[in-house]
Amino acid sequence: MVPQAAKEVYAMDKHVKLLMVVKDPVVTLMSAFSRQVSASGPIRYTFLKEENGTRTVNGALYSVARGLYSVHLKHWLRYFPLSQLHILDGGALVKDPIGQTQAVERFLQVPPRLTEDNFFFNQTKGFYCLKPFTMREPKCLGKNKGRPHVTLPPDVKKLLYDFYRPYNQELFRLIGKSFDWEPKDKV
């Protein structure tokens, strides 16, 4: 999210291959918001603002702006061609870590090493865990991962999806593929 980062990385190695993990920005925002609510108490939709009696999304907030992936990607595309970037859907990474990590191996053109034996599903957390090559103990997501997110009222959910939709569509246009980020239930 630091605009000058792309320029600095390019100065270090203009041939570097880059990975970008993106996730439905509404889900990402709700994850951050759920952490905030669990730490601070009653629910206040801090990512919304009132303007002339109308509720809108506060795009200036860091937690909201971090989901504007097309804006961030454009900084990188000024220095690196898309062929040097691999964009992963974080939702797919959670559901299919082996398929996604094998795609990363192919992108990086490294010999395939990861197999299904390197992952196991942790029933308690509801996520896959990694069994690293060099460690005996598996590595799982931290304690703050896997908690339920705050359930949004339909009008707030609609505001968020409507806000992010043009940025998501621009991202999909830039990368030449799309991710299934629209809610299943029509909002």
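Just so it is clear, glycine is given a Cβ too, placed from its N, Cα and C backbone atoms.
Sequence annotations record features per position, and here TrEMBL assigns domain 'Sulfotransferase' to 11-151. The domain 'Sulfotransferase' (11-151) scores a mean pLDDT of 87 in the predicted structure.
The Cβ of Tyr128 (3'-phosphoadenylyl sulfate binding site) has 19 other Cβ atoms within 10 Å, all protein chains considered. Feature annotation from TrEMBL assigns 3'-phosphoadenylyl sulfate binding site to Ser31, Tyr128, Lys145, Gly146, Arg147, Pro148, His149.
Cys140 (disulfide bond) carries neither a helix nor a strand DSSP state and counts as coil. Long-range neighbours of Cys140 (disulfide bond) (same chain, six or more residues apart, CB within less than 8 Å of its CB): Asn122, Lys125, Phe127, Cys129, Leu130. Sequence annotations record features per position, and here TrEMBL assigns disulfide bond to Cys129-Cys140.
In the domain 'Sulfotransferase' (11-151), the DSSP tally of helix, strand and coil residues is 55 helix, 27 strand, 59 coil.
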